[in-house]
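Here the structure is laid out as structure tokens; the discussion comes afterwards.
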Amino acid sequence: VMADWGKCLDFGVSIARQARTVVLDAFEAQKVVSLKTSPADLVTETDQGVENLLISAIKEKYPTHKFIGEESVAAGASPVLTDSPTWIIDPIDGTTNFVHRFPFVAISIAFAVNKQTEFGIVYSCMEDKLYRAQRGKGAFCNDIPLRTSGLEDITKALVVTEIGTERDDLSLSTLTSNIYRLLKIPIHGIRAVGTAAVDMCLVASAGADAYYHVGMHCWDIAASALIVSEAGGVVHDISGGKFDLMSRRVIAASSRTVARGIAQVVEAFPCERDDGLPDLLPLDPKVIGLNLTSRCSTLVQGTYPKLLW
Ligand SMILES: Nc1ncnc2c1ncn2[C@@H]1O[C@H](CO)[C@@H](O)[C@H]1OP(=O)(O)O
Ligand SMILES: [Mg+2]
Ligand SMILES: [Mg+2]
């Protein structure tokens, strides 16, 4: 018998609503900002407060459940996903937006059992849009069913990505050359909203046709990856291979064709996996950085995970 986690999802939605009021109350206020891994990797007391609020509410209701939370990991908790029921939480996705009062911030809550995401909730706080999906049961925004655009022609695509917090030369040159090569396809445009979770929900709701990103963490996209697939989209690794929640790389798209078009031109820079396991995508310095040749040749040589198409 397949367990139905619907009650758990309803509980997740109710605590996301409580958490949003905390985010709204703090949004206009003066914020105490600390740095994490780089001068552009910010955290506030509200990130920590919202994560504590969510985790303590869940612990009270489901004492055996496990957690992977962005700020708990920053405080030293281990981000290893086991088969146990696990809540994967980003208390504020878009902290830089939050600090600057750029009005796109989200609360992202995913729930996985046997390493499979059962449901995902993304609450875009300022827009008051509550996105949710349950595995096999579709995706919704404020109870309206979601469908991706279904676009097949990459030259007509509006593509979303994020600029990230890395400031080293290799990451920055890879990031900018990826944008350069996409624009040269050409595509219609590139956007960055500042929250990976909302970026992915925009793909799910057909506002954008694709999203790709290297460097985000599992809590940024665990919920929205399910929302995209339940809305009829595809979710892959940046190589075009199988999506791996812990790899810190993703392409979400309206169709396989658009995902493949992006996989052919974007390159990854090295990032330590969330679970600390060795990175399976070998990075040849000759194929990253400012080399503008298509990555197809490298894929054919078999140094990247096998393509699904
Ligand atoms: N090291 C990293 N590189 C790129 N993006 C990151 C990142 N860490 C977090 N992000 C996420 O990417 C988006 C901003 O570019 C946000 O969703 C941000 O999440 P956060 O606000 O929860 O930290
Ligand atoms: Mg985040
Ligand atoms: Mg966050």
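Placement of Cβ uses the backbone N, Cα and C atoms for every residue, glycine included.
These figures come from a predicted structure and were not determined experimentally.
Taken verbatim from TrEMBL:
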BINDING   E70, I92  Mg(2+) 1 binding site
BINDING   D90, D93, D220  Mg(2+) 2 binding site
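When the alpha carbons of D93 (Mg(2+) 2 binding site) and E70 (Mg(2+) 1 binding site) are compared, the span between them is 10 angstrom. With a cut-off of 8 Å between CB atoms and residues at least 6 apart in sequence, the same chain places D90, D93, S108, A196, A197, H213 near D220 (Mg(2+) 2 binding site), listed in sequence order. Neighbours of the Mg(2+) 2 site: apart from D90, D93, D220, residues of the same chain with C-beta atoms within 8 angstroms of the site's C-beta centroid are E70, I92, G94, A106, S108, T195, A196, A197, M216, H217, W219, I221. Under the DSSP three-state reduction, I92 (Mg(2+) 1 binding site) is assigned to strand. Fewest other C-beta atoms within 10 Å: among the binding-site residues E70, D90, I92, D93, that description fits E70. In the three-state DSSP classification, D220 (Mg(2+) 2 binding site) falls within a helix.
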